[in-house]
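Record features (TrEMBL):
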- 1-415: domain 'Major facilitator superfamily (MFS) profile' (DOMAIN)
- 30-53: transmembrane segment (TRANSMEM)
- 60-79: transmembrane segment (TRANSMEM)
- 85-107: transmembrane segment (TRANSMEM)
- 114-133: transmembrane segment (TRANSMEM)
- 145-164: transmembrane segment (TRANSMEM)
- 226-245: transmembrane segment (TRANSMEM)
- 265-284: transmembrane segment (TRANSMEM)
- 291-312: transmembrane segment (TRANSMEM)
- 324-348: transmembrane segment (TRANSMEM)
- 360-384: transmembrane segment (TRANSMEM)
- 390-411: transmembrane segment (TRANSMEM)
Amino acid sequence: MVVCSNAWSSPALPKLLHEPNPPVSITPGAGSWIVSIQAIGGIFGMILSGLTVDRLGRKWPFIACAVPVIAGWIMIALARTSVLLYVARFLFGISYGLAYGIVPIYIGEITSDGVRGAAASLITVMAKLGILFEYSVGPYVSFEALAWLSMLGPVLFLLTFTWMPESPHYLLGKGHTDEARQSLRWLRRTSAVEEELNCTRKSIESTVSERGSVGELFLPAYRNNLIIVLILAVGVQMSGMQAILSYAQTIFSQISSDLTDAEMSIVLGAVQMVTVIFPVFLVDRVGRRPLMLWSAAGSFLGLLLGAIYFTLDAAGIAVESFGWVSFLGLLLFVVSYAFGLATIPFAILSEIFPKNIRAYANALFGILSGAIIFAVVKLFQVALDNVGAYLPFWVFSVSAGLTFGFVFLYIPETKGKSLDEVQQIIAGWRTGLHSKAVVAGD
């Protein structure tokens, strides 16, 4: 629904910067603001999610996400001034941040223990489908037509998601037991839900006695949970995926290849789309931790190839015949990133905090992510114009390598565990029993 906006800039910016008689004339500097301002909107969206998700529920705030997106696409389609582009991108960010804070909670609460990780990972599969759409259609239609076509996703979502049930966790927390039972029966496709309903009620009662607040996140009891949030936010975003997605055609225009930059973007999107499907089937079999480690290691190697290529090119060394190496490096990065960094954080975030502060934790993750995305995306264009592509790629490479080390040291395994058991694993880790808990979990 929202993620098409993340990849829109890849085919759209070249139209505004290089094609004759564009609907809106911009400079590269203005283009970087158009791309990055979405992340600022995302911070406000995450704050909204933290304020609404426990008051208004998961379902209706999520449905409301579609409204700013639809308004934004209309603005872009009709834009004749860059101001409308800035406003539209900011609205995209609000919707993205709101959805980002709600979806992991909603998915974590409506799915059963055995498939929670796969369901959470499916979010990313659908997101990559939206990115592939932008890459495949964007270069071959007009600027205005791309906006109208991109609007079809949120319109379809708005028309269909209203029929989905509210989270049973939320309904029980509000004392609506009959509605929670009806919701759970619809989700499980069976009337035998009393046992799960009772377990859910006990889980809620164990946390609802103390009303959650933002301050609780920073209590010593949740220090290690916050370390995990920090590792995920910094590791996922500092690897540079958002910058690469946003500037894919611009990056590929600097790589020597028999393919055009648009064609390389389509290949990138297709590989990403196919690869991201695999964690859906692996996350609840192999586990979260191994996939994260493999993902970080592969991302480091792929980004390193790109960094070396752009460094040699900037040094004046003839690398034209080796453009395919850099392209393969970026494909390796995309494949590796899809196997873990793109998907597993959603599964982990839906598990590691108790219900009464889960919304605040997801909001914190989104705010951190939004701030990092803004800095990475804005400074990427600055580095590209004033230094060269090699500088951001070296930063991305080092970040991916550090993420591997932090995941290895700090993130435990939680596969196949109930939400209560996950809390016990984190508690055991905090008191020095982490290794025992992980062994028991395996």
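Heads up, the Cβ atoms here are built off N, Cα and C, so glycines get one too.
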Of 30-53, 145-164, 265-284, whichever stretch has the most CB pairs under 8 A to the transmembrane segment (360-384): 30-53
Cβ contacts the transmembrane segment (226-245)/the transmembrane segment (390-411), at least three under 8 Å, sequence gap 6 or more: yes
Tertiary contacts of the transmembrane segment (265-284) (same chain, 6+ residues out, Cβ under 8 Å): 7, 10-11, 114-118, 120-122, 124-125, 128-129, 131-132, 134-136, 139, 248-249, 252, 259, 291, 330-331, 334-335, 338-340, 342-344, 347, 415-416
Segment confidence, the domain 'Major facilitator superfamily (MFS) profile' (1-415), expressed as mean pLDDT: 86
